[in-house]
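Visitor: Submitted below is the structure of interest, expressed as structure tokens.
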Amino acid sequence: MSHVAGHVRRFRRLGAELWSDGRGPILVAVASGWFLSLGVRMIYPAVLPQLREAYGFDLTLAGVLITALWIAYALGQLPGGVLDDRFGSRNVLVVSTGVSAIALTLVVTAGSVGVLFGATVLFGFATALYGVTRFTLLSTIYPDRGGTAIGLTMGAGDFGNAVLPPIAGALAAALAWELGFGFTIPLFLVATVGLYLALPAGSRDESSADSDDTNADDTDFTDTARRIARALRHRPVMLVAAIQTLGYCTWQAFTAFYPTYLVEMKGLEPTTATVLFGGFFALGIVVKPVTGSIYDAYGARRSLPFVLGSITVATLVLPFVESLAGLVAVTAVASSVLGYSTISLTYLTASFPDDVRGTGLGSVRTGYMLIGAGSPTVVGVLANADYFDEAFFLLSAVAAVAVVLSLLVPEE
């Protein structure tokens, strides 16, 4: 009993620390925006069967649509980081959510494949602005609890992934696929107002501005690039960046086609597949804060191998599992992959000097996301050639390489 009481006291202290000094509303607002930003991107895989029917997609073109979404997201990372360094977090996050609402309006009113692709690209780019800024903002205002704060925010994103795709899938199956996206548009508008009210105007954090008079406006581009390159040349940073790239390729391809795989290869109903897909992300609500706290306590070397090893095993055994209970178990094991980026991105964020942190992280995120954005197309091509199972074996091999690299990361 005393053991439980001790845990309760620790959680209360942690909550009080996260909420202190006016930081609580900022954390809630940022987490709410990420709930939508990530959750709505995961609606695409959930309604892919309906989109294929409406527009006559084959699996290859479906993979290209998902790739287009994530290439746009990748290309927006560096501009997002530069804008964060230059104009401050509030401006960037407000623009991100506002433009996302506009893009989704275009998605649901598209009427043609070309407009659908264009609106999808705009949505991907708009949400990219959110991606970098949330890391730099939370790392700055929570210098000692960055992993925990980022983990909680990423857990909110997984909550969005858990609830939004099943709702969208049900609306798409019962009524129209447009409603699967359309119901989120007013939520983005509410998030835009919430971020504007909760976040302080101006720089990312007043204390960081006071401690360093040199900001992004005053930093020469060449000097910025040199400082970023210097940080990236450190062997541990290179290793973690490589792990992030491989993990992202695995995560990207897995999430892009998991519902479709369950429908076409395992014979599940689309609604059942989207519920499993939502369950995958629901577990991330717990996985990400826990892995963030483990990273804060033990470092990357002791935490990365486990989370990456789990997805390696899950993707290896998935083609051999046929029962619904077995698929639920595999989905639960695979969900551990959701924690890897909490560790690796917190590590990478802290590796850059504060005044170029947004630009540095944006550069790294652009690189690994451009590489990872191609993985859905690879899986789509393999699936179209009747190698859907083999595509998941390939993902297992990629994850296994990331496990090996994680064992080479030095102890912190």
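The backbone N, Cα and C atoms fix where each Cβ goes, and this holds for glycine too.
According to TrEMBL, the record shows the following:
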DOMAIN    26-412  domain 'Major facilitator superfamily (MFS) profile'
TRANSMEM  26-44  transmembrane segment
TRANSMEM  56-75  transmembrane segment
TRANSMEM  87-108  transmembrane segment
TRANSMEM  115-133  transmembrane segment
TRANSMEM  179-199  transmembrane segment
TRANSMEM  237-261  transmembrane segment
TRANSMEM  273-291  transmembrane segment
TRANSMEM  303-321  transmembrane segment
TRANSMEM  327-348  transmembrane segment
TRANSMEM  368-385  transmembrane segment
TRANSMEM  391-409  transmembrane segment
Visitor: Compare 56-75, 87-108, 179-199, 303-321 by their Cβ pairs under 8 Å to the transmembrane segment (391-409) and return the stretch that comes out on top.
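Guide: The listed stretch sharing the most Cβ pairs with the transmembrane segment (391-409) is 303-321.
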Visitor: For the transmembrane segment (179-199), which recorded stretch in the set 56-75, 87-108, 273-291, 303-321, 368-385 gives the largest number of Cβ pairs separated by under 8 Å?
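Guide: Checked against 56-75, 87-108, 273-291, 303-321, 368-385; highest Cβ contact count belongs to 87-108.
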Visitor: Could you give the residue numbers and ranges of same-chain residues that sit at least 6 residues beyond the transmembrane segment (368-385) on either side and whose C-beta is under 8 angstroms from one of its C-beta atoms?
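Guide: For the transmembrane segment (368-385), the sequence-distant neighbours (Cβ-Cβ under 8 Å, at least 6 residues beyond its ends) are 58-64, 66-67, 70-71, 73-75, 77, 241, 244-245, 248-253, 256-257, 260-261, 264, 391, 394-395.
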Visitor: Check the transmembrane segment (115-133) against the transmembrane segment (56-75) for contact, please; criterion is three or more CB pairs under 8 Å, pairs 6 or more apart in sequence.
Guide: yes
Visitor: Would the transmembrane segment (273-291) count as touching the transmembrane segment (56-75), i.e. at least 3 C-beta pairs under 8 angstroms with sequence separation of 6+?
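Guide: Checked: the transmembrane segment (56-75) vs the transmembrane segment (273-291), no contact.
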